[in-house]
């Protein structure tokens with residue numbers, strides 16, 4: 001984009017954000033720095049990104065008619081999906097009518113469920129993945145697990161933040177894992193993917209940004225998951241030059257196939273020099289929150305530049321850094337946080353409290369960030385900061 005207008009004027013450059021969580025909040029802040037007018041949308045009021053946007057709307061984004069009506073009302077220059085649960089077929093239609101979807105409507109459509117992206121990666125692009133089968137019924141699922149062998153992993157084809165995912169160690173876990181997958185799917189009961197288990201050394205997120213005709217990679221991010229949901233991440237993840245080159249080859253291949261411009265979070269399994277493709281998100285990734293302290297341009301700043309067609313001449317990484325999630329459990333519409341002075345007492349630490357309006361059960365409400373002389377000490381420092389925060393329900 002060669003020109004950015006004045007927000008809230010007829011010549012404003014408008015971005016409509018579909019999904020308004022903590023990642024979207026940081027994207028809005030970065031777009032605001034460029035004087036972009038931002039409209040935040042989600043299925044509930046007072047979502048984090050809404051709190052920093054120019055205005056907001058509450059709709060069911062899986063309702064194609066409602067989504068179309070809102071976009072035709074706002075006439076944004078850029079439509080930026082922040083989550084998967086969107087009527088992506090409507091985005092495809094809108095793109096064909098002249099709207100710009102970031103990174104592309106094809107990317108949003110293929111990655112909204114695990115089947116589309118897995119078939120693209122494994123069957124069309126020939127990328128290495130775990131062996132897999134899809135199942136619509138318990139009988140098909142049981143047959144898939146028995147064919148792939150134990151241990152294996154089952155996931156709903158549509159879910160986020162690890163919801164509905166299980167590692168099956170034996171046939172006695174089949175029923176419980178099936179029930180959990182049916183509860184955790186974003187669209188309710190339905191199709192699952194069963195994957196053969198890869199005995200990997202570690203898993204990484206390779207943040208890959210397509211911008212102004214180029215592809216640039218951030219340093220690899222290592223992360224630890226529990227029940228499929230990220231708990232901590234660190235950068236850089238140590239890996240062999242062979243494994244890093246293969247990771248970049250896979251990431252470049254899949255993001256080129258998805259097309260468009262923007263930041264992608266490419267998830268990979270690594271064992272020695274071997275690399276397997278796992279998943280890709282065509283947007284900033286939760287494990288990439290570490291870049292708020294580890295890089296001169298965070299993943300959110302990179303996404304904003306790519307959206308606007310601005311150059312990214314270099315990405316500077318500041319050395320070992322880590323993030324640790326602040327997880328809250330309970331019921332409250334007035335969550336408070338105390339002991340922040342203690343949490344920030346050590347040098348090179350930071351906090352992000354997301355401002356989510358309520359917690360019901362378990363919810364990620366913030367993240368602690370730290371830099372240090374090594375990845376291990378940075379992880380320890382970030383964890384200390386996260387644990388020092390007192391949550392008041």
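Using N, Cα and C of the backbone, Cβ positions are placed for all residues, glycine too.
Going by Swiss-Prot, these are the annotated features:
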| type | residues | note |
| --- | --- | --- |
| BINDING | 22, 23, 82, 286, 356, 363, 364 | N(1)-(5-phospho-beta-D-ribosyl)glycinamide binding site |
| BINDING | 114, 155, 160, 161, 162, 163, 164, 165, 195, 196, 197, 198, 203 | ATP binding site |
| DOMAIN | 119-308 | domain 'ATP-grasp' |
| BINDING | 267, 279 | Mg(2+) binding site |
Around the Cβ of residue 22 (N(1)-(5-phospho-beta-D-ribosyl)glycinamide binding site), the count of other Cβ atoms that are within 10 Å: 22
Close in space, distant in sequence - residue 363 (N(1)-(5-phospho-beta-D-ribosyl)glycinamide binding site), Cβ under 8 Å, 6 or more apart: 327, 328, 329, 356
Proximal but sequence-remote residues of the same chain as residue 23 (N(1)-(5-phospho-beta-D-ribosyl)glycinamide binding site) (Cβ under 8 Å, at least 6 apart): 82, 283, 284, 285, 286, 289, 300
Cβ-Cβ distance under 8 Å to residue 267 (Mg(2+) binding site), same chain, at least six residues away: 203, 204, 205, 277, 278, 279, 280, 281, 285
Overall pLDDT of the domain 'ATP-grasp' (119-308), taken as the mean: 95
Secondary structure of residue 23 (N(1)-(5-phospho-beta-D-ribosyl)glycinamide binding site) (DSSP, helix/strand/coil): helix
Surrounding CB atoms that lie within 10 Å of the CB of residue 356 (N(1)-(5-phospho-beta-D-ribosyl)glycinamide binding site), all protein chains: 20
Those binding-site residues listed as 162, 164, and which of them has the most Cβ atoms within 10 Å of its own Cβ: 164
DSSP-derived class (H/G/I helix, E/B strand, else coil) of residue 203 (ATP binding site): strand
Neighbouring C-beta atoms (10 Å sphere around the C-beta of residue 160 (ATP binding site)): 17
Neighbouring C-beta atoms (10 Å sphere around the C-beta of residue 195 (ATP binding site)): 22
